[in-house]
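Student: Mind looking over this structure? Questions follow.
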Amino acid sequence: MQRPETIKVNVSEPSVTVSLASEKADRSYPIYIDKDLLSNAQLLGSLLGERSVCLVTNDTLSELYLDRVRAVLGADRKVSVVILADGEQYKTLTAYDQVLTAALEERHERSTVFIALGGGVVGDITGFAAATFLRGADFIQMPTTLLAQVDSSVGGKTGINHAMGKNLIGAFHQPIAVVCDTATLETLGDREFSAGVAEVIKYGLIADKDFFRFLIDNAVRLKNRDPEVLAYTIARCCEIKADVVSRDEREGGIRAILNLGHTFGHAIEKEQGFGQWLHGEAVAAGMVMATKISVARGSISSDVLDDLLLFLQCFDLPCEPPSSMTVEVFLSAMQGDKKVQSGRIRYILLSSLGDAAVVGDVSESEIAACL
Ligand code: NAD
Ligand code: GLY
């Protein structure tokens, strides 16, 4: 049911726009950020017109939000629903095949719009399915975790894991819109919320020192999910990500800085077994490692590291990798990272607070020193 009192978004004015103009077409898309957008029939209607929908979610989210979204899609529209098993360990070829098989069996056409209702796992799988369905269909991201709202729903990286490593199979495929209903965070568990906070502080470190300071100063309010702090935080992260993606959609250069902590983090996720450490937890530990190396190289002051550690501890995020992760284990796992070039592992380090760069010359002893 449409709830008119909750409609605050002017559909012609998104909160943030990802600008992706090219010679062939303007592929820019809006990010709408507000409370109760999942119930906003006006917004969904304006994005979809009369197009059919293949709605993908998981067995946790379906209990919480499927009825609400199904209701605003309307009774007259063809809608298929695919419910995946919940968890990073299911971000696999099998889940990807489940989405495609359902869409094919239900005779969807290229004009169908896929909708990803869920966190980063559902978003990445659905986006990849949309990228490859009949050689490419549109999709809309409806992120329901903090991590997905500030990061994974924006920028068009889609994909699945492989036993050989994290996100090794995928495609760049931009959504046609991101509908970010901040009220969904009310049902998100503390551990999952904290995992999103790891990606939030990343933006301050790599791109905006004032935002870093804001987060350090407002850690407790953020932890308490203060609506004002949360709204500003989500919008600022989306602005930064939209700006970076607009400048370098396919990670030929600057976009790589969004991977601060990820080279180490992906190795942790893989070695611990997908789903054991949440992505954001692994990124937190990886970000500390990258920050320690940056301090040791004299690029940033140790005060930044101290602030980062206190901040992460406030959210019960891990500040170091598991003890089983020796230098050798890291190096072996990182050889399979997507950023490896000519056999060389590439790392993201801080060049100053609010700025980062890709570096290829991190030595074994530098890694050993931050374990
Ligand atoms: P997730 O999708 O596994 O969600 C975490 C948990 O929260 C799941 O159990 C989920 O069912 C549950 N959940 C989601 N929304 C909820 C809600 N509103 N209420 C209650 N429970 C809810 O994990 P995530 O942290 O959202 O995403 C991590 C994934 O995102 C990783 O696979 C990572 O690789 C990917 N990622 C992708 C990008 C990108 O650019 N594409 C960027 C960062 C991360
Ligand atoms: N999360 C890294 C990126 O989107 O590029």
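Counting begins at 1 with the first residue displayed.
Just so you know, glycine gets a Cβ as well, placed from its N, Cα and C.
Features from TrEMBL:
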- 82-194: domain '3-dehydroquinate synthase N-terminal' (DOMAIN)
- 86-91, 120-124, 144-145, K157, K166, 184-187: NAD(+) binding site (BINDING)
- 196-340: domain '3-dehydroquinate synthase C-terminal' (DOMAIN)
- E199, H262, H279: Zn(2+) binding site (BINDING)
Student: Give the three-state DSSP assignment (helix, strand or coil) for T184 (NAD(+) binding site).
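Tutor: It is helical.
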Student: Name them in sequence order: residues not among E199, H262, H279 whose Cβ is within 8 Å of the mean position of the Cβ atoms defining the Zn(2+) site.
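Tutor: Going along the sequence, the neighbours come out as L147, D151, A198, K202, G261, G265, G280, A282, V283.
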Student: Cα distance, H279 (Zn(2+) binding site) to T187 (NAD(+) binding site), nearest Å?
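Tutor: Their Cα atoms are separated by 19 Å.
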Student: Take the domain '3-dehydroquinate synthase N-terminal' (82-194) and count its residues per DSSP category (helix H/G/I, strand E/B, coil), listing them in that order.
Tutor: 50 helix, 34 strand, 29 coil
Student: Which of the binding-site residues Q89, G120, T184 has its Cα closest in space to the Cα of H262 (Zn(2+) binding site)?
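Tutor: Of all the candidates listed, G120 is nearest in space.
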Student: Taking the Cβ of G120 (NAD(+) binding site) as the centre, count every other Cβ atom within 10 Å, in any protein chain shown.
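Tutor: Its Cβ has 27 other Cβ atoms within 10 Å.
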Student: Count up the helix, strand and coil residues in the domain '3-dehydroquinate synthase C-terminal' (196-340) according to DSSP, in that order.
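Tutor: Taking each residue of the domain '3-dehydroquinate synthase C-terminal' (196-340) in turn, the totals are 103 helix, 2 strand, 40 coil.
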Student: What residues, ordered by sequence, lie under 8 A Cβ-to-Cβ from G123 (NAD(+) binding site) and sit at least six positions away in the same chain?
Tutor: A116, Q141, P143, A148, S152, S153, T158
Student: If I restrict to non-local contacts, at least six residues apart, and a C-beta distance under 8 angstroms, what lies near Q89 (NAD(+) binding site) in its own chain?
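Tutor: Spatial neighbours, sequence-distant, of Q89 (NAD(+) binding site): G273, F274, G275.
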Student: Give me the long-range Cβ neighbours of E199 (Zn(2+) binding site): same chain, 6+ apart, Cβ under 8 Å, in sequence order.
Tutor: L146, L147, V150, D151, C237, G280, V283
